[in-house]
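Undergrad: Before I ask anything, here is the structure I am working with.
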Ligand SMILES: Nc1ncnc2c1ncn2[C@@H]1O[C@H](COP(=O)(O)OP(=O)(O)OP(=O)(O)O)[C@@H](O)[C@H]1O
C-alpha cells in the first residue's frame, strides 16, 4: 500500500496566514485539502512542488531539489517540472503508486494585480491524477484496461458480509458492477486487475481483508466517509446520469448500488467537475464466468507470467488483435471465460465465420488496423482533455465503421456478426463529414497552439490568419529597411519578454544610440555581445500580430468546442461503435490464431466429460516452434461415470508432466472463452471452476513458506471443487518430509475421488500413488514415455497409460552439471534405498489401510460423556447415587 506522505500542513495551517508569504499560505491551504496527493502547483511554465512533496518527487523523478524562501525560519525545499513535459513525470509518479493533484492558475496574473500588488493569482486543483483514473495515451498501456475498483460492504439478511464491486475505466467509459461473498473477493479482484482500489477507511483497515488487498498489488485509496444508505447511493447515480429513475439501468443489489455510487463519488472527486462519458453500469450477474481463484490465475500465467511480463503469457500467444480495443477485450475475455454453453457456441460461430472466410478476414483486419482507439479518444474529449487528433480519430472511426459494416454483411454472417455490422452501419456519416471539413489533414495532438482548422472552413478565422501572416511578412521587410537605413547588420528577433526587437553588435549599437537614429530606435537591453532595440512600428506590429493570433486561436477553439459538443452528444452511439470494432477485431484475431497455429473448434456441452485428442500447450508449442522444434501432442480423457476421472501422471523430471497438466487447463479455458483450441479435437462439459496447485513459490511477504502456500491452496481445492470443476495438481506434498508428503498426496487423491468427484489431473513423483488405481475405480495412471538406451535417457514427451518405474532424477541432475563425484555417490545411495524399499514395499500398505469412507466415519470424534449421560436414569437414583454420578461425569470432563 502506498500513501503519499503529507506535508506537515495541518499544524502549519493555523500559522500560515500570519507568518507565511501569501503564496505559501495559499499553497498550504490547497495542500491541506489534498493531503494524500503530491501537489503540482502551477507557477508560470512550471509545476512546482514544495516541502515534503518536493523531497519525495525529487527522489522519485531524479530531479534537482532546490529551495525557495523560508517558512517558520526554515528553507522551503522545492523542485519543479516543466508543464510541457508534465506527462512524462506524471507517468513515473503514477507507476510508483503516487497520486498527484494538479493545481492550475485559474485567473490571469493581470487580474490578480488589480487586487493589489501583493495579491496572489487564484489557483485551484483541477484534477487528481491517480493510477486508476488516467486518460492520456502517454500514460496508458493501449492493450490493457485501466480501471479502478470501488468496493462497498453491506451485511446480508443472513448476517454475512456481502461485497459490492464496481469497476470503472475512465479511459474507455466501461463500468461494471457485481456482488461477491468474502471467499470469492480475492478471485474477483484478480480477474478485474484494478490499477487502484477505493473503499471507505474502515474497509481498507479491516485486518481480515489485508491479505486480499495486498495480493491485489494495487494501491488502496481510502475515502473518508461512507456513501450512505441505498437511497443516497441511488440519488448519486441518478444525479450523475441526469435521470429521474434508475429503472432503465437494470436491477442492482444494494451492495452493487453502494459500490457504483462509491465509484461515482471517486470519479467526481478526481475529475473535479468534469464529467467523463461513462457508460451506464451493467451488473455481471447475468453473465456467469468460469471461476478462477487468484493463485490459479497467476500460476497458469493467463495475462501475465509469474514474473509479471506479458511476453510468455497465454495472452501474448493468442493476441493477434490489430486494435487496442480488441486487445483489451481479449484480455478481459481470457480473464473471465463463460460457463453458458450457448453463449460460448455463439462466440465460436463468430470465430468460425472468419476462419472459413480468410479473404474477408484479411480485408477486415486491414481496415481495423487503421481505425483509431475510439473509446479512449472519446473519453478524453468528454473530459475536455482531448485534442485535435482525438477529434480526427472520431471522424476516421466513423468512416471506417461504414466501410467495415459493408464488408461484413456481404456474406451471410452469423447472428453476432450481423448485429455488429448493423451497429456499424448506423455510424453518423454527417458528423464524420463535418469533422473532415473542419480539420486539416494533419493535426497536432494539443489544441493549445491552434493551427488545426482547415482554411476555408471559417471566414473570420481566415481573415485573422491573413492579418497575422501579413504582419509577419511586414516584419521581414522591416529588417531589410532598417538595415539599409542604418547601414548596419541587424536582425529582428522575438522573445516573450521583449516581444519583437532588433539585435545588433555592440559597436553598431553605439551608433543607434546616437542621433539621428536615436529618434527611431529605443534602447531596451545590452547583452554581453549585443544590444537590443525596439521601434514604434515594431511595437504596433507586435500588438497587431498578437491580437490577430489571439483572434485566430479563439476562433479555432470555438469551432473545436462546437464539434466536441456534437461528438459528446453522440457518445453512447460512438461507444457502441467502439465496442463493435473491438468484438470484430477479437473474432478476426482468434480466427487468425486458429488458422496460423492449426487450432480446432471445441465442442462445449452440458455433460461432465473432458476428452482432448492431440492437445498441445499453446505457449510451450509457440516457443518450441520459434526454435524449430516440434511439440508432442497428447490426449487427455477424464470422462467417468458418477464423477470425473483422476489421471495420476508419474514420470521422470523434465519429461513434460507440468506442461501436460497446464495444457489441458488452458485448452478448457480457451474453449470457454470462445476460442478455438490447440488440439485435434476437444469435447468439454462446461467447467464451473478451475482449480490449480502448480508451481511452488514462497509468499514470504505474507509470512507463508512454500509448503504453507501449497497446503492453503490444496485446502481451497478440497473445500471447493465439485463434479463440474477441473482440478490440476502438480506435485502435492513435495515441500515436506517424504512420508508426510506422500500421506498428504494420498489422502488428497482419495478425497478428490470420493468427495469432490471432479475431473482432475495429478502429477507426482510419489510412484507409490499409482497403487491407488487398484482401489479407486475412476483413477487412471498415466506416465511419460522415456527411452533408455545404453544409459542414454531420451524424453519423448509422450503421455501413455501406465506408471513410471523410476524418476531419472539423478540423470537430470547429471544433465544439469552436478559434479561427477556427487552423481556417482547419488547413484550408489539410490541403489541402497531402492533395495530397502523392495524389502518393505509401500504396496503392502494399500491392502492394510482402511477405505477412505470408513476412515472418515471412524475418525468422527468419540463422545464418552454423552454415552455416560445416556446411561443415567435420574428417576431410579437416590440423592447419594446422583451426587456420585455427578462426580463421575466431572471426572470424565
Ligand atoms: N509435449 C511436449 N513436446 C515437446 N516438448 C515438451 C513437451 N512437454 C514438455 N516439453 C519440454 O520439456 C520441458 C520440461 O517440461 P515440464 O516442465 O513439463 O517437465 P516436468 O515433467 O514437469 O518436469 P519436473 O518434474 O522437473 O517439474 C519443457 O520446458 C518443454 O521444453
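Every residue number used here counts from 1 along the chain in the order it is shown.
Cβ atoms are placed via backbone N, Cα and C, with glycine included.
Positions annotated as ATP binding site by TrEMBL: 651, 652, 653, 654, 655, 656, 657, 658. The annotation domain 'DNA mismatch repair proteins mutS family' is assigned in TrEMBL to 725-741.
Help me picture these features in the structure, burial and contacts included.
TA: A coil conformation is recorded for residue 653 (ATP binding site) in the three-state DSSP classification, outside any helix or strand.
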Undergrad: Let me know how many other Cβ atoms fall within 10 Å of the Cβ of residue 657 (ATP binding site).
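TA: Residue 657 (ATP binding site): 26 neighbouring Cβ atoms within 10 Å.
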Undergrad: Can you check how the pLDDT averages out over the domain 'DNA mismatch repair proteins mutS family' (725-741)?
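TA: A mean pLDDT of 78 is what the model gives the domain 'DNA mismatch repair proteins mutS family' (725-741).
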Undergrad: Among the binding-site residues 651, 652, 656, which residue has the largest number of other Cβ atoms within 10 Å of its own Cβ?
TA: 651
Undergrad: Residue 655 (ATP binding site) has how many other Cβ neighbours within 10 Å of its own Cβ?
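TA: Step by step: centre on the Cβ of residue 655 (ATP binding site), count other Cβ atoms within 10 Å, giving 26.
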Undergrad: Translate the DSSP assignment of residue 658 (ATP binding site) into the three-state scheme.
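TA: SS state of residue 658 (ATP binding site) = helix.
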Undergrad: So which of 652, 653, 657, 658, listed as binding-site residues, have a Cβ under 6 Å from an atom of ligand 1?
TA: 653, 657, 658
